[in-house]
Amino acid sequence: MNIACIAHDEKKKDLVQFMMAYESVLTGHSLFATGTTGTRIKEATGLNPHLFRSGPLGGDQQIGAMIAENKMDLVLFFKDPLSAQPHEPDINALSRLCDVYSVPIATNMATAEVLIHGLSRGDLNWRELVNGEKRLIEDES
Ligand SMILES: O=C(CO)COP(=O)(O)O
């Protein structure tokens, strides 16, 4: 599965701890991250996420583009609800695309815990069916 990892500054520590705690689950998946978040994850774990640009410089939009192509299966986006973000439109666009494409998104650690357990239990395997069907449709056209 392709998993996006993003955290606002006040939540980066939480996300890094989460990634450390679930490293054994996450290691079997392809990880993608916004620049600063991904760098923190690399420093603290043995995980090796693909790094996009920093969020305010377009990283959220790059991850949004993957969602729009139905190439992202799960989004872990630890948001800071107490600080204004200069790139709020990009953040809203990413969240909206998750709803357009039915991509599971966790915006806090409590939801992320539930999704990660679901991931290891196979609850998200339907995403592979969705992508498989999409590829079949593309092959036919
Ligand atoms: O701003 C972000 C998400 O909106 C995160 O970007 P960074 O990981 O580069 O800090």
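Cβ coordinates are placed from backbone N, Cα and C, and glycine is handled just like the others.
Marked as domain 'MGS-like' by TrEMBL: 1-141. Feature annotation from TrEMBL assigns substrate binding site to His8, Lys12, Thr34, Gly35, Thr36, Thr37, Ser54, Gly55, His87. Per TrEMBL, the feature active site, proton donor/acceptor maps to Asp60.
Over all protein chains present, the Cβ of Thr36 (substrate binding site) has 20 other Cβ atoms lying within 10 Å. When Cβ neighbours within 10 Å are tallied across all protein chains shown, the highest count among the binding-site residues Thr34, Ser54 belongs to Thr34. Here the binding-site residues are His8, His87, and the one with the most other Cβ atoms within 10 Å of its Cβ is His8. Ser54 (substrate binding site) sits 8 Å from Asp60 (active site, proton donor/acceptor), counting Cα to Cα. In terms of DSSP secondary structure, the domain 'MGS-like' (1-141) contains 81 helix, 19 strand, 41 coil. Here the CA atom of Asp60 (active site, proton donor/acceptor) lies 11 Å from the CA atom of His8 (substrate binding site).
In sequence order, Ile6, Ala7, Asp9, Pro56, Gly59 are the same-chain residues whose CB sits within 8 A of the CB centroid of His8, Lys12, Thr34, Gly35, Thr36, Thr37, Ser54, Gly55, His87, the residues recorded for substrate being left out.
Taking Cβ-Cβ distances under 8 Å and a sequence gap of 6 or more within the same chain, the neighbours of the residue listed as 'active site, proton donor/acceptor' are Ile6, Thr34, His87, Asp90, Ile91, Ala93, Leu94.
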